[in-house]
Amino acid sequence: MATVIDGRKLAKELNQQTKERVAKLASRGIQPGIVVILVGEDPASVIYTRNKQRKAEKLGIKSILKKFPADVDQVTVMAAVDQYNHDDTIDAILVQEPLPDQLDGQAITNAIRPDKDIDGLHPTNLGKLYANQPGNYPVACTPRGVMTMLHHHHVELAGKNATIVGRSILVGKPMAALLNNANATTTLASRHTRDLAAATRQADILVVAAGSPHLIKAEDVKPGAVVIDVGINRLSSGKLTGDVDFEHVQDVASLITPVPGGVGPMTIASLMQQTVDLAEWRHNGQK
Ligand SMILES: Nc1nc2c(c(=O)[nH]1)N[C@@H](CN(C=O)c1ccc(C(=O)N[C@@H](CCC(=O)O)C(=O)O)cc1)CN2
């Protein structure tokens with residue numbers, strides 16, 4: 001039976017560390033600041049952005065929620081990004097995804113100053129990640145949170161087979177890069193993968209971010225594997241469930257994350273952690 005990774009507990013510990021770092025910055029007259037740009041009223045995004053705001057305020061981080069109607073045009077959003085690029089009280093700019101179709105998300109990301117790019121999606125930051133450059137730069141907060149979980153549980157990565165299911169730019173791609181940079185042998189699978197079960201069964205570390213409820217069954221998992229479920233799916237019953245059939249996979253895995261209470265809380269805690277990183281780097285001139 002697998003050990004269940006308690007994402008809420010780990011997030012609480014990380015948030016405590018972040019709070020202490022915020023207090024240290026306050027003694028230098030610095031308050032880290034984040035702005036979250038929310039377009040439209042997607043119910044899940046409204047909840048996530050509210051949770052981010054609450055957490056930031058609780059930790060002493062300045063937080064602005066900049067809302068736009070769903071039919072906002074590109075120029076208006078780009079102007080807001082430009083405004084916060086030049087706002088010295090803001091260290092982190094986050095554009096909540098998903099965005100409506102009329103907006104060019106890539107152009108918006110590219111307009112964010114790389115040293116305020118909290119999601120680590122600007123090509124400059126992605127390039128550094130893919131080049132495995134040393135130094136300080138932001139990386140996407142969900143993969144960062146997953147890495148923190150793996151390190152916390154002393155999961156050995158070097159030489160291990162890691163399979164990531166789902167190749168989004170927000171999770172799958174940076175996750176594969178981080179694991180590869182940690183010397184794991186990585187397979188980045190997607191819905192195009194011919195034999196997905198073969199790819200998942202070879203994994204010592206399996207990260208699933210496919211957005212498909214219970215896609216991964218017990219027979220898809222190597223005995224003793226570490227299974228990280230990034231999926232958050234709301235069933236018609238209202239219940240949240242992951243991409244992994246937790247009930248049965250926990251009998252096969254050695255370590256497993258639940259949904260809810262696994263990766264989700266770590267995403268927000270990592271976001272707060274990285275907001276403080278950005279503030280420290282900017283104020284210490286370590287860009
Ligand atoms: N610009 C970004 N947009 C989005 C990101 C992101 O990292 N950057 N990630 C997701 C949504 N997300 C944060 O924005 C997020 C999702 C879920 C959770 C979370 O704590 N989930 C809880 C359950 C919450 C619930 O009851 O609904 C859990 O898993 O326990 C945090 C953050 C998409 N957009």
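Including glycine, each Cβ sits where the backbone N, Cα and C put it.
Annotations in TrEMBL come from automatic prediction, not curation.
Taken verbatim from TrEMBL:
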- G166, R167, S168, I232: NADP(+) binding site (BINDING)
- 5-119: domain 'Tetrahydrofolate dehydrogenase/cyclohydrolase catalytic' (DOMAIN)
- 140-281: domain 'Tetrahydrofolate dehydrogenase/cyclohydrolase NAD(P)-binding' (DOMAIN)
Cβ neighbours of G166 (NADP(+) binding site) where a neighbour is any other Cβ within 10 Å: 24
Spatial neighbours of I232 (NADP(+) binding site) that are distant in sequence (at least 6 apart) but have CB under 8 A: A44, L240, G242, V259, P260, G264
Mean predicted confidence [pLDDT] for the domain 'Tetrahydrofolate dehydrogenase/cyclohydrolase NAD(P)-binding' (140-281): 97
Under 8 Å by Cβ from S168 (NADP(+) binding site), same chain, sequence gap 6 or more: A209
The domain 'Tetrahydrofolate dehydrogenase/cyclohydrolase catalytic' (5-119): DSSP-derived helix, strand, coil residue counts: 59 helix, 19 strand, 37 coil
R167 (NADP(+) binding site), number of other Cβ atoms within 10 Å: 18
Secondary structure content of the domain 'Tetrahydrofolate dehydrogenase/cyclohydrolase NAD(P)-binding' (140-281), with strand meaning DSSP E or B: 54 helix, 26 strand, 62 coil
